Amino acid sequence: MGKEKWCYINSGQCSPAFNMALDECLLNWQSEKKMPPTIRFYEWEVPTLTVGYFQRVEKDINMDVVNEKKYGFVRRQTGGRGVLHDKELTYSVIVSEDHPNMPKTVTEAYRVISQGLLDGFKALGLEAYYAVPKTEADRENLKNPRSGVCFDAPSWYEIVVEGRKIAGSAQTRQKGVILQHGSIPLEIDLDELYDLFLFPNERVKERMKSMFSSKAVAINELTDRTFTIEQLIKAFEVGFEKGLDVELVPYELTEEQLHEVQTLAKEKYESNEWNYKK
């Protein structure tokens, strides 16, 4: 028997609303058994701040700066904290909860899916490994984030290199389907990132910023080589095929599917009601 075939979509650069709408549509189509499991890579037309499903914008985000910089802004359907998507490859994995290779628990499914990321980083020549909270205190810290910034600390089974988080991921389960998506940054501009978040005062902001450098890292900070998005795509194609033991088959959306995504993008992900919901 050959390997199981999964769909592979490389969307390229899209608008913030389109990116989130396509992930949701892929989840819906998976639930309706209209598509096999799917791996998707994408980028962003403009630098974009995404916030987690439960995040309170007025508490965490400096929207004046987001608007002043003309950045994109959209709320994800996954949890977690704020992510600035810029100079990165974003990935999503959409697979049924009852897939024979998918564990029932969120953390174990995270581990299985993230094996594709781990093998992708290894294909780039990076010594990546899983972060697993070692103590009860570490586990408690996962429940009580210190700031609204996503890369602030590793969570269960996130990928680290030299002790620093190198990929931020979030997962949701809806309609019997797992959607995991995340950010693989080539570079991180700390000043740009921290300007987008609200802090009690400048001193706290500077302290959080300096702590961040010891906890998170981007690919091009770790190597003398300067990788491109194209090289990342090739490496993570290989990584997901190896890590999940599948064959990726390129897929293009039909006109009907594209229309469905565009409609959802406009009606939901471009709406203030969704993006600024309390």
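From the backbone N, Cα and C atoms, a Cβ is placed for every residue, glycine too.
Noted in Swiss-Prot for the protein shown:
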- 33-248: domain 'BPL/LPL catalytic' (DOMAIN)
- Cys150: active site, acyl-thioester intermediate (ACT_SITE)
- Lys165: site 'Lowers pKa of active site Cys' (SITE)
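Following the DSSP three-state reduction, the secondary structure of Lys165 (site 'Lowers pKa of active site Cys') is strand. Summarising the environment of Lys165 (site 'Lowers pKa of active site Cys'), the number of other Cβ atoms within 10 Å of its Cβ, over all protein chains shown, is 21.
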